[in-house]
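S.K.: I'd like to ask you about the structure that follows.
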Amino acid sequence: MRMEGGGGGGHGHHGGGGGGHGHHGGIGGGEAQIKGTLTHGGRYVQYNVYGNLFEVSSKYVPPIRPVGRGACGIICAVVNAQTRQEVAIKKIGNAFDNQIDAKRTLREIKLLRHMDHDNVISIKDIIRPPRRENFNDVYIVYELMDTDLHHLLRSNQPLTDDHCQYFLYQVLRGLKYVHSANVLHRDLRPSNLLLNAKCDLKIGDFGLARTTNETDFMMEYVVTRWYRAPELLLNCSEYTAAIDIWSVGCILGEIVTREPLFPGKDYVHQLRLITELIGSPDDSSLGFLRSDNARRYVRSLPQYPKQQFRARFPTMSSGAMDLLERMLVFDPSKRITVDEALCHPYLASLHEIYDEPVCPAPFSFDFEQPSLTEEDIKEIIWREALKFNPEPIH
């Protein structure tokens, strides 16, 4: 399956938060003009990308072009001269200025190094800084994808039910692997689903992911509200893998309508949009709420009947609609699981029981102790860079 012209341009590359913003036209001619300056005896090369300094090992050669901006920095496409492949390099500037951001970077590195799956983005390299003592910027090299689902859905690229099936299947196939490693992604949304022109899909941006037994729930970052499950909106502390399935349901609805399903302006509005579609939960659906206050709050909200999905999604195939109704369930314990979703008739033509691998070992993030300073994290990331580049570059 292909998309015409790679679908919608813009690259949402691995951008932490806010998804990267594709560059839209206007710079085509300028791309060739970004010239590199060799530094450190020719072992590194420095590029000035529209005022952003980009210093990478000299095996990364032009053409260099900016493909996205995340909350944490700029992302450029550049060529690895040794493999002749184009890669994406994310610069995280001043990565060790505060503990939360430093830990987020470390977490993404450790998680993606642990994982190996077609539908999960992989890290190809971590650039070894020229000097350990001046190590402030982290450069992570990923495989390059052409675009992301957010940009594709906002483009005028026609999409069929086959596209929808294939995207959904790949998200679930990747998520099965992620969940089998005891990891919850927690931030699935269209801009974190990376695509190429062949419609291959990879899950990106694991900066907010958590293992299932970690309990610092949701303290440091606000996950995009629109894709957030009811139990997160209601501050439920014991959430499960079902939070990611809710997000996949929101994404499935958005693939078909090309509009966000629940674009809440604040969390009260968010809950209202959800209950207007799936109906207000009855008491038997509130067992997951440990807090009486939360239960009282939900009961005090305006009550809505469940909407007919056929009326809301007139163009959606009946298979997709049935799966969507099983994903958008208020009670997380009654929501379809990733394994059940892969077995759903809607995905029967793609489902391949022996080709949906799980992760051989659970991931554990051993760096949560509060005593870990920014300097400690810098040392751990430095060692990760040395694993990719054991020898100093001569």
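Even glycines carry a Cβ here, placed using N, Cα and C.
Got these off Swiss-Prot a minute ago, pasting:
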type     : residues                                                             : note
COMPBIAS : 1-31                                                                 : compositional bias 'Gly residues'
REGION   : 1-33                                                                 : region 'Disordered'
DOMAIN   : 61-347                                                               : domain 'Protein kinase'
BINDING  : Val67, Gly68, Arg69, Gly70, Ala71, Cys72, Gly73, Ile74, Ile75, Lys90 : ATP binding site
ACT_SITE : Asp187                                                               : active site, proton acceptor
MOD_RES  : Tyr221                                                               : phosphotyrosine
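What's the neighbourhood like for each of these?
M.R.: On its own chain, Gly73 (ATP binding site) has Lys90, Lys91, Ile92, Gly93 as residues at least 6 apart in sequence with a Cβ closer than 8 Å to its own Cβ.
A 10 Å cutoff on Cβ-Cβ distances gives Asp187 (active site, proton acceptor) a total of 24 other Cβ atoms nearby, all chains included.
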S.K.: What's the CA to CA span in angstrom from Val67 (ATP binding site) over to Asp187 (active site, proton acceptor)?
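M.R.: Between the Cα atoms of Val67 (ATP binding site) and Asp187 (active site, proton acceptor), the distance comes to 21 Å.
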S.K.: Let me know how many other Cβ atoms fall within 10 Å of the Cβ of Arg69 (ATP binding site).
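M.R.: There are 21 of them.
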S.K.: Which number gives the other C-beta atoms within 10 angstroms of the C-beta of Ile75 (ATP binding site), all protein chains shown included?
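M.R.: Here the count is 24.
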S.K.: Look up Asp187 (active site, proton acceptor) in the DSSP assignment and report helix, strand or coil.
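M.R.: For Asp187 (active site, proton acceptor) - judged by DSSP and reduced to three states - the answer is coil.
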S.K.: Calculate the distance in Å between the alpha carbons (Cα) of Ile75 (ATP binding site) and Asp187 (active site, proton acceptor), and round it to a whole number.
M.R.: 19
S.K.: For a quick check of packing: other C-beta atoms within 10 Å of the C-beta of Val67 (ATP binding site), how many?
M.R.: 29
S.K.: Distance check, please: Cα of Asp187 (active site, proton acceptor) against Cα of Arg69 (ATP binding site), rounded to an integer number of angstrom.
M.R.: 17
